[in-house]
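Have a look at the structure below before the remarks.
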Amino acid sequence: MFRAGPPSHTLRRLPLLQLLLLAQALGRGLGRANPAGGPLEDVVIERYHIPRVCPREVQMGDFVRYHYNGTFEDGKKFDSSYDRHTLVAIVVGVGRLITGMDRGLMGMCVNERRRLIVPPHLGYGSIGVAGLIPPDATLYFDVVLLDVWNKADTVQVTTLLRPPHCPRMVQDSDFVRYHYNGTLLDGTAFDTSYSRGGTYDTYVGSGWLIKGMDQGLLGMCPGERRKIIIPPFLAYGEKGYGTVIPPQASLVFHVLLIDVHNPKDTVQLETLELPPGCVRRAVAGDFMRYHYNGSLMDGTLFDSSYSRNHTYNTYVGQGYIIPGMDQGLQGSCAGERRRITIPPHLAYGENGTGEKIPGSAVLIFDVHVIDFHNPADPVEIKTLFRPPEPCNETAKLGDFVRYHYNCSLLDGTRLFSSHDYGAPQEATLGAHKVIEGLDTGLQGMCVGERRQVVVPPHLAHGESGARGVPGSAVLLFEVELVSREDGLPTGYLFVWHEDPPANLFEDLDLNKDGEVSPEEFSTFIKAQVSEGKGRLLPGQDPEKTIGDMFQNQDRNQDGKITVEELKLKSDEDQERVHEEL
């Protein structure tokens, strides 16, 4: 694309052929015989090539550019514009041409070819032109019309394709990026942006373009295709441009607008889908996980997190991403879908980046926010249902609990559910058997209560995630407490509800043989549990727990317990304290 400023060099204007600039016929001589045998009364016009499309026909007062060969009846050439390598450029119908040529050009279309037979009285009459055209000569012209325009013409704009979505139309002072093919009116190509492998980038309405292009681009949408026809006085006028655009040439541009922005533009936000119940919106300092498709304004995709099957994870408002995205993500909700349009000065600027984002490119991101959190976030607990009957005991640290749960990401993606296993999940609170955030969320619950528990990553599976759980994921649990049992102190497998028997070994030695077998030990402990005198560690197979208890007392591992071996854990703990002292 050529700028409107002075070109580096221009075509030198050559004088037009004198004989064609003579005012009207100098006399009315006798014409040569026409094919019917008599003299010609008017110009004979043979249209031997008519273009299929003719948007404009020559009328009186039009400015035309054409090539011609001039011969006599015997075929002898007397003049040719081709020999001078210069088109005839002149206004028709105002007496600047011989009358026969004025008449013969009327109604012509661009690229039309005609043969004109001009009788003497419509040419140079009985006088002729000394040394060139004899008196009473009939003239034969082969003419091809290459251009036609009028001073009353304006820029002609034809929309060839308009995209269904038009977020922005070109206005004065906008910066645009577009591709184009430039031709003369007869189809002769003079320039194209496609051959240079890059768009033409410029300001509109600021004197950087020829006036006709400034006008022709107004109102265009990104992705729109237009045909713009510009008359010479709104293009390069009488001088033309270099060797490719002749003087007084009409120009035809086929334009594809890639994008448009204004240096005053800010980030544009469009909410595509807003989930219900949004109580928290992202702010600067939050850590966010989101998916995105990134495209240029004409729809060209340049990147997508979906193609990597992984969210983009980053802090918002702290300079880790381009400024426009930093701004565009703030205020969003988890699960929200929004479109963020970012002008170049808030994206990658005049230089662009890599091979896919050109300089001065407007970027459009279709974003799906998966979740966000702040490193200082606590566990969020919301009670969904609480049983109407009084609740005297709630779950606390050390309790053994059974609960059902559904676990998902904040965008609703389902991860796990205890219902899939047909049985409640079991855990001892505070024993580090579940993630810290869920442990916290279960405390204080009544049996039958249901809660929603939102657990930030630092209280869940952290930056690395876990099997089936993405890194830095906020987890949403819906939990229902099924049962609760008081737990045992750390390190205990069995506790007495009251003081243990005074003669414990004698009570254990059921057959009174001076030693306790595994069977005797098991029978005794089960009897204490069934009579409510003591209880085993909850959440473990009773047989295993009793077996572990026996192994702890069978200190020499000979399969029996003697009176010397039997010691209560409380006594052992007391002895250990004395040893440490």
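Heads up, residue numbers simply count up from 1 along the chain you see.
Using N, Cα and C of the backbone, Cβ positions are placed for all residues, glycine too.
Values in this document were obtained by computation on a predicted structure and should not be read as measured data.
What TrEMBL says about this protein:
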- 61-149: domain 'PPIase FKBP-type' (DOMAIN)
- 173-261: domain 'PPIase FKBP-type' (DOMAIN)
- 285-373: domain 'PPIase FKBP-type' (DOMAIN)
- 398-485: domain 'PPIase FKBP-type' (DOMAIN)
- 496-531: domain 'EF-hand' (DOMAIN)
- 541-576: domain 'EF-hand' (DOMAIN)
- 1-31: signal peptide (SIGNAL)
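Helix, strand and coil residue tallies for the domain 'PPIase FKBP-type' (61-149), in that order: 14 helix, 37 strand, 38 coil [DSSP]. Taking Cβ pairs closer than 8 Å, the domain 'EF-hand' (496-531) reaches residues 542-543, 546-547, 549-550, 553, 559-563, 566, 568 in its own chain, all 6 or more past its ends. Averaged over the domain 'EF-hand' (541-576), the predicted model reaches a pLDDT of 81.
Counting residue by residue with DSSP, the domain 'PPIase FKBP-type' (285-373) contains 13 helix, 37 strand, 39 coil.
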